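Reviewing the structure listed below.
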């Protein structure tokens, strides 16, 4: 049954994307937004990334580090020190908290563990369900989330918020940042609204998610845009399959904030304003798993097979 769910999920993604695939190299001149099955699509032209590249490199290294099986508290990754780790990276995705000189207290979640069935099943539980208002009371009316991701976040949420508040006080730190790869990127996305509601001090400095799948519907994407205050970014590398899944045709929608590295693993990156920008990753039809676990801002994020400990800007 477990294998069937995974196979069905991947088959649906492939079929729907083949049927509705956008043509390569969109050049249409149109208003900034138009409707796609009632959802927003941006035609805004790309811009330079809004922050210094070293900031994204530090985020990328911390997104990689939470995937490492061998680690110890107080390990250094760039300008950050590991403070806390939780989860078995099977039923519970590994969460790690760092103190970074440039980013504040950083929460990083590991990506899906392909060697553990519960991690795979959580990622395959793809149905959209209503947001749990106990955690997300400020989400827009009608907001829905990917069931497997919401369930995974709810398991870690009480511990996460408690430890986050503790380390903010311990380090007298007002900045909070969120990151992760893949499954972990989805949890960083979901955490944003819950963290903002529960902060006792400070604010969310940045959220930078790598290889982010679509996590919710249009109303969830709108909620991220509203509450992120322009500080949420997700990075797509080349033809990464995961960033294109689940398909929009199933009701899913990315929020604003895409940075697209194209070609993959290169130093050519641009910021694509608005939701589901046609000039960004959606403009090319292709599926690549190697691009998912690739090089982001000259920093490898390769899950179990990447640098451990993670390195910053050396790839």
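The backbone N, Cα and C atoms fix where each Cβ goes, glycine too.
Sequence-distant contacts of residue 182 (active site, nucleophile), defined as residues of its own chain at least six apart whose C-beta falls under 8 angstroms from its C-beta, comprise 111, 112, 210, 211, 212, 213, 242, 292, 303. Under the DSSP three-state reduction, residue 182 (active site, nucleophile) is assigned to coil, being neither helix nor strand. Summarising the annotation, Swiss-Prot assigns active site, nucleophile to 182 and lists sequence analysis as the type of evidence.
Cβ neighbour count for residue 240 (active site): 28 (other Cβ atoms within 10 Å of its Cβ, all protein chains included). Residue 240 (active site) falls within a strand segment according to DSSP. Annotated active site per Swiss-Prot: 240 (among others), in sequence order, evidence recorded as similarity to another entry.
According to Swiss-Prot, the active site annotation covers 292 (among others), on the basis of similarity to another entry.
With a 10 A radius on its CB, residue 308 (disulfide bond) counts 16 other CB atoms from all the protein chains. Feature annotation from Swiss-Prot assigns disulfide bond to 68-308.
For the recorded site, residue 74 (N-linked glycosylation site), the DSSP three-state label reads coil. Summarising the annotation, Swiss-Prot assigns N-linked glycosylation site to 74 (among others) and lists sequence analysis as the type of evidence.
DSSP assigns residue 265 (N-linked glycosylation site) to coil in the three-state reduction, placing it in neither a helix nor a strand. The N-linked glycosylation site annotation in Swiss-Prot covers 265 (among others).
The signal peptide feature in Swiss-Prot is assigned to 1-21.
Counting only same-chain residues six or more apart in sequence, the Cβ atoms lying under 8 angstroms from the Cβ of residue 265 (N-linked glycosylation site) belong to 237, 238, 291, 294, 295.
Annotation for residue 68 (disulfide bond): same-chain Cβ neighbours under 8 Å, separated by at least 6 residues, are 306, 308, 309, 310. Proximity of residue 74 (N-linked glycosylation site) to non-local residues of its own chain (separation of 6 or more, Cβ distance below 8 Å) is seen for 81, 82, given in sequence order.
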